[in-house]
Amino acid sequence: MSHSLRVVFAGTPDFAAASLLALLDSRHQVVAAYTQPDRPAGRGRKLTPSPVKALAQEHGLPVHQPTSLKDTDAQQTLAALEADVLVVVAYGLILPQAVLDIPRLGCLNVHASLLPRWRGAAPIQRAIEAGDTRSGVTIMQMDAGLDTGAMLLVRETPITATTTGGELHDRLAPLGGEAIVEALDALATDGLTATPQPSEGVTYAAKLSKAEAELDFTRPAHELAARVRAFNPWPVAWTRLAGEPLRLWLAEAEAEAERPGVAPGTLLQSAPDALRIACGHDGTQVVRITRAQLPGGKPLAVRDLLNARGERFPEGLRLGQEDRA
């Protein structure tokens, strides 16, 4: 029969909180939580605790918020907790080798991709953006590299032609929680084998930036649609409509048909429920935008947007231009 492990948890955002919640509901004993220092948030820029801190405090856990784990005092504080294992999920601090060596069973990481594909900061969004048809979570034994440790457990989930970054995040977060509990249960009975990551198929998921969210309509329709879905809910894909930002929340590639090319970014005759935009290097492909947001407005289904503000979207207008019409 498996026994309970002493766990220290390190994580920061909502994605990490899902794993902490699963651990709190498991047979294992979470003895402390590590998370990023409180950050200013909201319009008032009020110091706000991370989702992991809020959850830990609800359950009466001691919370540690060091700015670094590289100094010996911080490492001694961690060592004094006498953890069997440190579980790390989207923590945001680099763990030096001295920290990785502290727990008896080392440090386990919940990573939101099928490693070795999409090591790095934004695996959920990059998988959708690249047109991947599957994603998942990998439980990894951490080493000093960037998401390079041996794999202990992998759980998959499909990516469909309509999956957004937010939807995949919300599916993977609880899946990560289930997987880390399963991994700890197995570790407690010596029933888990570490598999080195293959050297083939390594890709890196660069951190998202607002700068890359502006669409380039010379790109193919399937690529634009994937980018729109990947960047929902952040940083949100956008273009310029008569010089003003038009945010694009949902999109799909239109089935290719023989049609004359026009300048990429040109608004074509609208469908009742979609903005049809010419794209591709020769303007012969079409990307359909089905949910969008005008400045000062809220995201709307394009059907509702056209009913309310159809005059803003005349056929022939070219999107992505700096100048106002």
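The backbone N, Cα and C atoms fix where each Cβ goes, and this holds for glycine too.
Database features (Swiss-Prot):
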BINDING   Ser113, Leu114, Leu115, Pro116  (6S)-5,6,7,8-tetrahydrofolate binding site
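For Leu115 ((6S)-5,6,7,8-tetrahydrofolate binding site), the same-chain residues 6+ apart in sequence whose C-beta sits under 8 angstroms from its C-beta are Thr138, Met140, Asp147, Met151, Val154, Gln197. Counting only residues at least six positions away in the same chain, the Cβ atoms of Asp147, Thr148, Gln197, Pro198, Ser199, Gly201, Val202, Thr203 sit under 8 Å from the Cβ of Pro116 ((6S)-5,6,7,8-tetrahydrofolate binding site). In sequence order, His111, Arg117, Trp118, Arg119, Pro123, Gly136, Thr138, Asp147, Val154, Gln197, Gly201 are the same-chain residues whose CB sits within 8 A of the CB centroid of Ser113, Leu114, Leu115, Pro116, the residues recorded for (6S)-5,6,7,8-tetrahydrofolate being left out.
Around the Cβ of Leu114 ((6S)-5,6,7,8-tetrahydrofolate binding site), 21 further Cβ atoms fall within 10 Å across all displayed protein chains.
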